[in-house]
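Pulled from Swiss-Prot:
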{"type": "BINDING", "residues": "GLY115, THR116, ASN117, GLY118, LYS119, THR120, SER121", "note": "ATP binding site"}
{"type": "MOD_RES", "residues": "LYS224", "note": "N6-carboxylysine"}
Amino acid sequence: MMLLRELLAPWFPYAGEQTFLDLTLDSRAIRRGDVFLALPGHKVDGRQFIDKALAQGATAVLVHTDNPQEQGKVIVAEQGVQIYFYELAKHVSAVAAVRYPVIQGHAMGIVGITGTNGKTSTSQLCAQLVTLLSGKAAVMGTLGNGLWGELVDSGNTTADAITLMRQLHEFANKGVNTCAMEVSSHGLVQGRVDAVPFDVAVFTNLTRDHLDYHGDMENYAAAKQMLFRFDSLRHGLLNLDDPIGGAWLAELKNVPAKIWGFSIEAHKAAAFYTKNVRFNDQGVQATLVWPEGEIDISSPLLGAFNLSNLLAALSALYLQGMDMRALAAKVPYLVPVAGRMERFTTADNITLVVDYAHTPDAIEQALNALRRHCAGVLWCVFGCGGDRDKGKRPLMGQAAEQFADRIMVTSDNARSEDPNQIITDIIQGLTHPERALTEVDRVAAIKQVVAQAKSGDVILLAGKGHETYQEAAGVRHDYDERALARQLSEQS
């Protein structure tokens, strides 16, 4: 419990003596004794639900106002109190941090990871490594939030500001040593992480995605860069193999954090890098170099991009104070992240690889990685999401056609759009559309490719990854591509 006046004290005085339990942005989730934050939203205005919130037992409602003269205005009603808060939408994270404090410098360090691709893998690798060293790790991101191995589906890459601060507070109370958090561009722009005391930030890469929201690549990049300007930040890690990372190295010279570079291509400005890289059927071997020395590592993860993700995770944990040699010793015991370059092999020696790749760059990276492990034909089965950036559809087709031997274009969360039209949009990017296979039913498409494949072939199933649904006509249908791949591998 907390006094309402203590919650509001950083912004304005309040004389009431009410206590409350939790904060919430969802009027449907209110329990007696909670405080409801009524904000204007992207689709719905929460201020429409003030009466409902009070009727359900809310102690108080904090009401967003754009009028500075209304700051601290109080309306007392029989069911509860309404308190006006100037530009509350901009302060939700800070308000949540008062109720659910996470104190920087205590036992838990927070690693924030941003970038178009690699956020999930890097965060999961951080958590695995901490756990392998007998620490306690938590993850927040696409695969869910929670202690490592106990993730609960979150719905968004970056949770809302209140959920986020409440969970960080709980993690700290549970003795978590490291929380690895995926930080989306949406989460940064919308202020959901404003009060999070990040101590290490990681940038993985930047390629075309979410332009339906950000408008152009410049705005998208600026959103990502916000993470490296937090006052709490002690260290920033930039992928210097990405041109944006190199540019940011110069742009971020005057931020509070110390900025470091990492590279799997031995970039001359990188403090953390790999050399003597050797890929094989079992993964990759390399020499890891960091400011205090070098050591050989052997990773079971496929592809150069996973080596980059691993290097990012190792470097971030080292900057948090962990011993690099101890970390490197645990690398052979890492397991692939669910739905990220996850392999299933049939009795006929056909390899199906389930991956979340859903951008042109991710398709290219995944196919390039698999080419090293493919003795036969390299296939790519993919689609594009509906109600999203239409401009990337032909680019997805271009990437698949250029880096795979055979392609099958199918559905991938058409949402409210016609899946056949999305397939047509993708095919516009092909140089030789007559060579592409198309099948709107994703299961049928995959089965058709498996039936045509031969021993030594590799089939990339791109786009779904860990997801357990296929969304069409606004309805989410149960669909688990990992389970399908496992079933097909066991049937052969």
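Cβ coordinates are placed from backbone N, Cα and C, and glycine is handled just like the others.
Location within the structure of each feature annotated in Swiss-Prot.
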{"residue": "GLY115", "record": "ATP binding site", "Cβ contacts under 8 Å, 6 or more apart": "VAL202, PHE203, THR204, ASN205, LEU206, LYS224, ASN239"}
{"residue": "ASN117", "record": "ATP binding site", "Cβ contacts under 8 Å, 6 or more apart": "THR204, ASN205, THR207, PHE305, ALA357, THR359, ASP361, ALA362, GLN365"}
{"residue": "GLY118", "record": "ATP binding site", "Cβ contacts under 8 Å, 6 or more apart": "THR204, ASN205, PHE305, SER308, ASN309, ALA312"}
{"residue": "THR120", "record": "ATP binding site", "Cβ contacts under 8 Å, 6 or more apart": "GLY141, THR142, LEU143, GLU182, VAL337, ARG340, TYR356"}
{"residue": "SER121", "record": "ATP binding site", "Cβ contacts under 8 Å, 6 or more apart": "ASN306, ASN309, VAL337, ARG340"}
Candidate with sparsest Cβ neighbourhood (10 Å radius) among THR116, LYS119, LYS224, the listed recorded positions: THR116
Environment of GLY115, THR116, ASN117, GLY118, LYS119, THR120, SER121, the listed ATP site - residues of the same chain whose CB lies within 8 A of the CB centroid: ILE113, THR122, GLU182, THR204, ASN205, ASN309
Secondary structure of THR116 (ATP binding site) (DSSP, helix/strand/coil): coil
